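Taken straight from Swiss-Prot:
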| type | residues | note |
| --- | --- | --- |
| BINDING | 725, 726, 727, 728, 729, 730, 731, 732 | ATP binding site |
| COMPBIAS | 96-115 | compositional bias 'Basic residues' |
| COMPBIAS | 227-237 | compositional bias 'Pro residues' |
| COMPBIAS | 251-272 | compositional bias 'Basic residues' |
| COMPBIAS | 321-330 | compositional bias 'Basic residues' |
| COMPBIAS | 561-571 | compositional bias 'Basic and acidic residues' |
| COMPBIAS | 1600-1627 | compositional bias 'Basic and acidic residues' |
| COMPBIAS | 1658-1678 | compositional bias 'Basic and acidic residues' |
| DOMAIN | 1028-1193 | domain 'Helicase C-terminal' |
| REGION | 1-134 | region 'Disordered' |
| REGION | 225-338 | region 'Disordered' |
| REGION | 343-653 | region 'Histone-binding' |
| REGION | 549-571 | region 'Disordered' |
| REGION | 1209-1253 | region 'Disordered' |
| REGION | 1351-1411 | region 'Disordered' |
| REGION | 1524-1564 | region 'Disordered' |
| REGION | 1597-1640 | region 'Disordered' |
| REGION | 1658-1696 | region 'Disordered' |
| MOTIF | 847-850 | motif 'DEAH box' |
């Protein structure tokens, strides 16, 4: 609360001043409200002068309430005010509502009221009238008083106003139901005053408190007149002191207790409760609502409590505790209060709720929306962040707060109750412009006394910042201000007292900031207060992230260390000055150096400004600088800028001389202009480097000069080229010099486009700077803002050449390009295609051009669309994988010449190697130049690679065993586990080989130093590799070598950092997280002359391209990469141009571990990559197959798990493996030389120890290992040739010493391996069980069960299979593999009975061809070349699986007839195994490495399944229907008889000769089951009566029965049958005989169309039959088959009667297709018209299927041409004359077959459902439908008599019949709707794996890996036993033929020419 400003004598003067300023004040307030209309002004404004009159007004005593009490005017005004209040409050300060007018009106009313009461105020005697008693008030208002005698107990219980009010209010309201709230409050106040005065227990203090409450209540409601001091003579106004107030807090209590002045005491205690609002659910409240009255009531009580607190000191503590609750209530005072002025929603989130109101503006906030957020509301007055920052712009009107109970006292102010600095209370100095308050001693410097006049706080006097701060760089403490001497003591002060202490200031923080839009040259220091005020968020974030007690240490952005910096400062005073001002605060010197000037502009005064790009900063940080700023080399760069403009624009555009400053004459050395016409013939060869290269100071190597000559010649010839020099031979330099030569010799002025990987662009920039100094090179990279700046300023000199903005637009045509070379990344070529594609490029250079190897990539396609005159591609690996990629490179270069990929591959497919190389050279000669280091540097130091085998440490062995044991289940799963889990295990084992600390468990247990790094000695001892590395590095350091250490794992690099710190070596590091600039800096530091760094740590893949570390001569590959190419690229960092020492490469490999095996496999992979030039085979050489993974994991495990004694014995006998792994830079194998030098053991092997296989490295062994003379140069030229050939990735044959021709011609790539399936079982079972016991024991009962990580969880794997296939897993894939696998195991006599014994013997003796081999440049799989593999696949897709006697049928096509039966069957087995192998079709190889060649499992399995079903169905009726479709074609005599008995004995027919034996039902149903399913007995063709159906009928079966009834059934029943069809269309098609001949077929096509649609809808997916749709209950097929038999019976009888030719055919589809309806209509038409053959019906469908069995899938023309199936041509005879006759016929056949295919699949699924005894719950909707069908039938039968009566003319019966028919129609339509939903609700057949309770992998393994199983006959349709007895006696496997995976087949026809 403010201190007193004036005494009572001054009040009249103040009133007079107030009246004089009345008009001015209202204007000001209105102005303030205008600003308030938008909540706050845009710019911060502080108007202390304007506040002054307001403050005077606040200090005056108001007299507006001095009307006579009880007068009507008074009451009406009060009510009016209340109405106004609720209206304004109801709007809640919605943003859409304007308050200005209302608030103005209110203020005008108040002003009028004040004027009206002015005279009374002046004449008042200043005495407060005695308040009226409650009785007087009630009598005056005409209310009934409440007479209640208070007892002693009441005085004890009603201790506060709230309790008293709650007790008495109901009594008053009961007697006066309509009492207004204002009067109720007044009466309650009076009653409380009287009650307190009469209280015998509390005495005078209670009375005083009661008086205060009553006074407060009256103030709120009736406003009793305030006392004003009597008028006195005006006196001269003294000089006003600045405002002060007593704050709250710990510092104020002592003062209050010691104060004698009661008034002051009260003021000190007075607290303004912080205002809260609750933003309502809606933004408007109803006027005078009851809830509003309740809130007003409660807030009035609280107000009363607040006012009473100022008097009652005893209650202050209690009230303080309640303040938080009180603050959350609304306070609605007399008629106007702050609620009307504050918004009803949070300023930040615009939402309502519990909000806190600002006391100095109309804003409101949630506690959590403040920054920083508050946990609870602060005490006292509170200003929002906006007010604290901008100052007060507005003050709320609180009229009632101005009136105090004791008379005229000053109004409560808005200033803070605590000091802003120390947050304590006490006597505070208040600012005149904002709510801030301060202690005098907290100011800096402190003030000795309260200043006179107006005082503004430091925040209000804080100077604004000169701009927007971009970032804070540093902070420091400032010097404190000088001490302030307090004046000399006065004469009345005792002289003995010491002189007063001078007031000392405190140091403040200041911050070094970078300004937005200004360069680092303009960085400056700003005060903390400035930052806090103008950048609050930035300041708070900086505070949160940094230590604000100690300034940060100096950060030398250049990376220089303190020592170097000191030396340089001593030598260079300019550097010293810059260091002191900038560099030490984290600013790099490069950031203050100009890279180039981009543009210029003139200001209004005509002064020039330049846009400057700074070095090492992106383009979006370019800044405009004035002309005369003092920056090094500024003048030179200005000269270069104007010179470049003149050069490019061809005119003198230099800066006018008047703008040049005196004494600053620019150098006038013009840039040399290139010649307009060529001055040198490009075809002329340079013998020495040209003059423009000499001027750069660089010297080209001879081979680089040769490359330049070749490029220039190619350019002259117009031949686009590939420069394919080996890595490290300077392709970049040759390219730059080539472009520079075109420019300097006048051939081309550009522009040139260079596209390179982002990581190498910095290197390109440097090389351009070095080798082409006259080129203007623009690097087009960076974010959108940077690229926008480049486009606007670097692409052209014209301002409007390109539209500005972040969006990319085309450049205007014929605009002068500003640059010579544009350097950009691959990605921006495609992203900013609009601008880059609009420029005509003179030359394109693509670095690392293997990015173009795929012509489908976006980069390839976009770049192809650019306008380019000449193309140059750079690549170190032109044939990285295969010829296809090379072709794409050539196709990109010259699409006119290379445009036929197939022809190109075919041309190089079948020629021998020598011819291939020669032809490749002839072809590539003009286009490609490739040199190797071995070619061009005969004297270049060689590189020698040594594989260093290392032992596992004890800790590593422990973890290695643990990993294998823990993953026992994944390893032991049959089939070898899945690939992902094996890879995970291998990665864990690789980690273990590197270091056990890579596992979190070991890392946690490891000893750690105080600084967080690992203890060095433990770190080294834990890893065998580190122990060796420690010894090696010590010697290498002593000998002066420098080392690169590569590792794949960045965490391993972290451990190596700790190791190097422990050893005390200095090092650098690069991994994937260290990007361009930082990476280059690290390289430069390492390569700097005299650099102290000894080691460079690199991650193998991040340390790849564009890194030159030739200063190192030793490379240690700590762990090998999966892909050997990555390791080669890694060590090429050191073995490159500039290397003058021999490079030693040490590859660490852990002995007898996965690492050793990986190294061997990787070498084989590399050889394979060279071998394979066929497309698709070599592209992912880094990936491992499953067999390889399993093999790698097994390597060394047996030895590891042996007991020590056993290990000693076995190791003593085992010969030590010699080193076969040493390689030199010349290529080739140095095994021989290694043996010569090291004997039979590698270096480090200690031969004296009996345990000879354990490697010990002593000093002698280390010295031997590091000996750099171990080199092999015996056959250098041969090795050169080898490396040259291998660079082309051509095959290198392994020539054996034997003379066998076949062995030389066939290179065996991979042989099938016989693996022990129980390897892991034997090795790990015991350890695994032991570990499980230990775990169980350790975890104990009731403890947490640790989850075992099983990488090969069977349930998870099953789920994957189910997702990929469908829910109803078929047995096909499993059984087929089992059958096919037995080709190799079964005795030949069983499978090949027809072969001669000699042939069998030769086949048996002859070994199978290798799994993968290469013959004459072609890959063979089990001896099958590409053509034979294609022929086999075509046969499968045509006829399905080969039959048992495939060798004697035409299934064996011409291409396959040269194969022996053993080879053929082995390939069938392999093929089926591949089909059963899970995995993506997109993979390039199967698990065993055999190429996929685009095979789609889904399509092949689908085709096999469909063909199997068709064949089975034809064989089912073949013995009845015969072999010929028409009787007249059957030959007479014994041939005909024979054909009736044995069908398909034609050797051209692939169907087996014994159909009854080979093709029973698909699930191998026994005879009994077949009989139950309604199959006819083949032995007794006459016995064709159907079996009796079971009792319960399912819906589809019943529908079938209704439809299949005799033709003489009543029309009503026919109609009913039609309506009951589940998927039938509304209108049945007209019968064919009613249509003209031409319309029959189109009508059928329409029907088929509808059928197709209904099929798609019924199964939900057109490409995959869902089992839900087909699994009906078991009774369905029984009924359906019965109907089929009836139809067959009828049909047979008709045929017997008519042509004595029996025919029988049916498909029991259960009513799920429209087939039977179609047949019914067609047969009716055929029989009635007598055209049995001319109208297509059931008979034609059978012969169509028979033709497909004979001729294959979709061979429509062959089928029609076969005389046996002539019936199929009959319906089309009338259409022969039409032009599209063949097409129409084939289309009909295809669509008809599609329908039959659908029906066959559904029949198969229904049969399976019946076989598995699948039943439905009686409550299932399907069963409910059955009951409803019975209801329909009953209703129809019971009203049949109505039909007869209606026909007889009975009108009442007719009416009833109509009702019955309507009822039937409704029932049927409901049923039809239910039927469509039925398929999704039917039972599911569980997958095979679920039924067997085995995983897919287990089933496959059981079928393939057990040699002792019974043999199984081959053939998809043989009567073989599908499962062996291993599955138990009760298991009944499916019969033969039922093994097709029908669920996963898309049901569409595959009408393709196969």
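From the backbone N, Cα and C atoms, a Cβ is placed for every residue, glycine too.
Per-residue confidence over the motif 'DEAH box' (847-850) averages 80 (mean pLDDT, predicted model). Here the Cβ of residue 727 (ATP binding site) has 18 other Cβ atoms within 10 Å, regardless of which shown protein chain they belong to.
There are 19 other CB atoms within 10 A of the CB of residue 726 (ATP binding site), with all protein chains counted. A C-beta separation below 8 Å, combined with a sequence spacing of at least six in one chain, links residue 725 (ATP binding site) to 707, 731, 734, 876, 929, 930, 931, 932. Cβ neighbour count within 10 Å across all protein chains ranks 729 highest among the binding-site residues 728, 729, 730, 732. Secondary structure at residue 731 (ATP binding site), taken from DSSP and collapsed to helix, strand or coil, is helix. DSSP states for the motif 'DEAH box' (847-850), grouped as helix (H, G, I), strand (E, B) and coil, give 2 helix, 0 strand, 2 coil.
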